[in-house]
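Taken verbatim from TrEMBL:
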DOMAIN    3-248  domain 'Thiazole synthase ThiG'
ACT_SITE  96  active site, schiff-base intermediate with DXP
BINDING   157, 183, 184, 205, 206  1-deoxy-D-xylulose 5-phosphate binding site
Ligand SMILES: CC(=O)[C@@H](O)[C@H](O)COP(=O)(O)O
């Protein structure tokens, strides 16, 4: 079970809802992924305008917990405003804080992320900040009271996979709240790697939405995350410098 604040989830895959070729493919991919949590940018929702197209319209929203995110925010103030708008429109009190500090790399602004997180925690939100793989910043976000930490594997939409495995494992080792690896996952192997490192979950979008076959890739990601988690729980073997026979001959009379 993945526990975030007062919420519990069966699946450890958090899926984004944007960029799919069409809404039918989006629905099929979401269904087959078996995710419990769907994230979406609040600014893309026409929350107060029912006549506008709704990009979640094909999805059976009863089945999922919706995790609104503050994508598009450049400052803490904007992120807080977006989060409040989401809550006021009846969405759950969970919020993924995303404050972008650089539009070329889409890397988060650490100072504004801290400020927004602090403010939203004071307001009673369940807060999941998206952060870089900075170990100290991750610790500070946890100390503020964040309910989960979401370090990026690599820049959003880059599909580069895990750039700094060491930092990610430091973040995972020091954390006492769930660590969800968010952004930059390119393939099922990347997702498995994150889970094998001990991440509690993976949030991804582009690797599925932009795949040649998004539905098949959503299925692959589900299996990859399950496999990575199982492998982590099972405990991998130590790496040795030298060989060690797989069929030991010790105690056997062999020539
Ligand atoms: C959907 C969402 O929240 C993105 O901002 C997220 O970070 C996913 O990134 P990828 O598209 O790289 O998986």
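Cβ coordinates come from backbone N, Cα and C, glycine included.
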Inset, instruction - Count the other Cβ atoms sitting within 10 Å of the Cβ of residue 157 (1-deoxy-D-xylulose 5-phosphate binding site), across every protein chain shown. - result: 18
Legend entry - Mean predicted confidence [pLDDT] for the domain 'Thiazole synthase ThiG' (3-248): 94
Inset, instruction - State the Cα to Cα distance, in Å, between the residue listed as 'active site, schiff-base intermediate with DXP' and residue 205 (1-deoxy-D-xylulose 5-phosphate binding site), rounded to an integer. - result: 14
Inset, instruction - Please work out the number of neighbouring Cβ atoms within 10 Å of the Cβ of residue 184 (1-deoxy-D-xylulose 5-phosphate binding site), leaving out its own Cβ. - result: 25
Legend entry - All-chain count of other Cβ atoms within 10 Å of residue 206 (1-deoxy-D-xylulose 5-phosphate binding site): 18
Inset, instruction - Quick one: give me the count of other CB atoms within 10 A of the CB of residue 205 (1-deoxy-D-xylulose 5-phosphate binding site). - result: 21
Legend entry - Chain-internal residues, separated by at least six, CB under 8 A from residue 183 (1-deoxy-D-xylulose 5-phosphate binding site): 106, 130, 152, 153, 154, 155, 156, 157, 203, 204
Inset, instruction - Mind giving me a neighbour count for residue 96 (active site, schiff-base intermediate with DXP)? Other Cβ atoms within 10 Å of its Cβ, every protein chain shown. - result: 26
Inset, instruction - Within the same chain, and leaving aside 157, 183, 184, 205, 206, name every residue whose CB is within 8 angstroms of the centroid of the CB atoms belonging to the recorded 1-deoxy-D-xylulose 5-phosphate site, in sequence order. - result: 16, 155, 156, 158, 159, 185, 204, 207
Legend entry - Cα-Cα distance, maximum over 157, 183, 184, 205, 206, record's 1-deoxy-D-xylulose 5-phosphate binders, Å: 9
Legend entry - DSSP three-state assignment for residue 183 (1-deoxy-D-xylulose 5-phosphate binding site): coil
